[in-house]
């Protein structure tokens, strides 16, 4: 909503018929569905808005425009309507309409109406809606519109040029959103949010630059930077479907850098895919720009979203389960990286419901060519991003410090994950904090690289410690209006105990490690064993309650508080019990029968 969607022209070119796709966005309560018009992505190289459509399966080569491929490179047209797994062959994939309609019929017991269905909170009569956005009303005096480069259900996109001010005679792209199409309060709010996101995030090196927003009685105009280097999708196809490993690294680093910035600001993109990254120029070394925030949203650090939105080949399992957060973007980056390295989609099926089923149930293939020739670090990197357990995925910043991408000269950004983990550590039991400290002593260099970088970003005091003020200062130095809108700074209120104490690097390592993430690394068994042996001093492969008390420096009077963590039969804690205990699960709770 509040986005531009291109319309497919029913015509043929070079004997190949154009494919129609219809996008559906299901809202969080599960009983509203909005079909959008068929999509045609105009292949003009100068619009950042053509991927504003959240269509799960855009056709890589729409009709009506010249091929974006370099001279001498021919596209590989699909010969049938059956979707293919290999990314180097464009194809017209299916619409998710049938799958989502069937789900609604099952849920509601009735067939949903055809056409747009107003969302529950936006059922007001159109005449009662306030469509005044407060934007400038002098668009014609400031900008000159050029040719149309894309059209869709809510509006269209044009190239243009500035007529005055800092961007006089500067090429621009203008997204024009029709107010007549804003028939619900939700649609109006979506436009406000998209403009707010673009305005507050603009300025990052790898994010589309926002210039202005205007309106008149009929339309809203969003003025943005014009990128004429084409999409990442076009470059992939021009290279035969995949990138050499070193070239893929350069692309992935740019993607992770801009996504980590968005996540720190409390913004989840929700539609990361090759079509939503534009190159600034046709040069091979030109920068990437992230575009299309039409499906993006603000999110608090501990919030979970439940709207099913995005593109099917890139959607994370937890999105289909209607409970997701920033980790959903990481999954999408994993899919993009998989495609860059091998030229095929990790999750593929002939039908839309089959695509969702493979995302939920199957694992990507790492055995076929070219995976055997890929580096072990590259393969591990993709596996860490495409872990179906979102808790075990790396964050965007952690991915930048992975051995596959590590570069000591690269500046590592601040990670919001650090704040979440330290908050959990401060609220943990003394026994669990002691166990985390034991684990921290066994961390490998791969984990310590990330932790050192984050600790230094907090600006340690002269004595090498950090406190709540350090966490606050570091966060505010990176704050934008988006961060305030997403209420990210509120997490500092849950870390108040740090205002009265200091945290040195050794304890910071214990506080800033995730047990779930450690379980996904190859060295997990060695790390966990080292932590277990820190408590188990008698060499009998179990931890006694006396050993726990000695580690915590408590007397026999405190034994009663420790019995939840040991076996009731013999008062001991095994290695298996220790690993459960690291997750905060007591043995008594683990063995309790549900009533």
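Quick reminder: no glycine exception, Cβ is built from N, Cα and C everywhere.
Of the candidate ranges 428-448, 449-469, 470-490, 491-511, Swiss-Prot annotates residues 428-448 with the feature region 'Calmodulin binding (CaMBD)'.
Looking at the stretches 347-377, 378-408, 409-439, the one that Swiss-Prot records under the feature region 'Autoinhibitory domain' is 409-439.
Taking 271, 507, 547, 572 as the recorded positions under consideration, the smallest Cα distance to residue 465 (Ca(2+) 1 binding site) is found for 507.
The C-beta environment of residue 502 (Ca(2+) 2 binding site), restricted to residues of the same chain at least 6 apart in sequence and closer than 8 Å, consists of 461, 463, 465, 466, 467. Here the binding-site residues are 463, 507, 547; the one with the fewest Cβ atoms within 10 Å of its Cβ is 463. Cα distances from residue 572 (Ca(2+) 4 binding site) to the recorded positions 271, 507, 547 are smallest for 547.
In three-state terms derived from DSSP, residue 271 (active site, proton acceptor) belongs to neither a helical nor a strand segment and is classed as coil. Residue environment of residue 465 (Ca(2+) 1 binding site) contains 16 other Cβ atoms, counted within 10 Å of its Cβ in all protein chains. Between the alpha carbons (Cα) of residue 271 (active site, proton acceptor) and residue 507 (Ca(2+) 2 binding site) lies a span of roughly 37 Å.
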